[in-house]
Amino acid sequence: MIRIKTPEQIDGIRASCKALARLFDVLIPLVKPGVQTQELDAFCQRFIRSVGGVPAWFSEGFPAAACISINEEVIHGLPSARVIQDGDLVSLDVGINLNGYISDACRTVPVGGVAHERLELLRVTTECLRAGIKACRAGARVRAVSRAVYAVAARHRFGVVYEYCGHGVGLAVHEEPNIPNVPGLEGPNPRFLPGMVVAIEPMLTLGTDEVRTSADGWTVVTADGSCACHVEHTVAVFADHTEVLTEPTEVERTG
């Protein structure tokens, strides 16, 4: 069932999203060569507790506050002693439960001297996200977002992960509807309605669209070992516009 949020609930979700945007302000500068991903996760946990929140992923059984995925890791990267290297693409997928309201966003950070093809992957994935958000309007169907995301990726001949997708969010981490990044897949295709809050999250690769789960039971990697990129925003749908609730703050924009 799709959960239509009240204005008061959207206010609560917005507050959670603003806290998450502030977290990214201070987290992204810490993503440097020599840093362990578990150090970044510990920082996220401290920040989230400091604002009165709880790491959202705990409710899903994930044992960390942040999914930190590097290079061939697509999503759900389990923080560990893995050390960030110069040239890495590091995805930071974080959610906050603040007073029962859930935020969800992902930023991908290029570290040091990143290869041109990886920077292009990041640029295009970000373009896909913008296209998906533009297509997310009251009255439009979910697959309009799928088509918009896929069209950008296909134009640049990048792989598009189809096994994972965007989703409703706000009162739980994962709500209906699912929002695929590939059109033509089977499944419901409802219209976006005012009061819906969703996470739009393109996942692109330099190679295959196939993925597998690593031995840790969480980390999803590309089947061919190619580099991946993941970006995500939480957005709220209104009758006359769509609001990006996890929009970067001025600090992050100018950082």
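Heads up, residue numbers simply count up from 1 along the chain you see.
Glycine is treated like the rest: Cβ placed from N, Cα and C.
The annotation in Swiss-Prot ties Asp93, Glu232 to divalent metal cation 1, and of the candidates under consideration, Asp104, Asp216, Asp224, Asp240, the one tied to the same site is Asp104.
From the candidate list His156, His167, the residue Swiss-Prot records in the divalent metal cation 2 site shared with Asp104, Glu201, Glu232 is His167.
With the fewest other Cβ atoms inside 10 Å of its Cβ, the least crowded of the binding-site residues His76, His167, His174 in this structure is His174. In the three-state DSSP scheme, His167 (divalent metal cation 2 binding site) is classed as strand. Counting only the Cα atoms, the space from Glu201 (divalent metal cation 2 binding site) to Asp93 (divalent metal cation 1 binding site) is about 10 angstrom. Spacing of Glu232 (divalent metal cation 1 binding site) relative to His174 (substrate binding site) is 14 Å (Cα to Cα, whole number).
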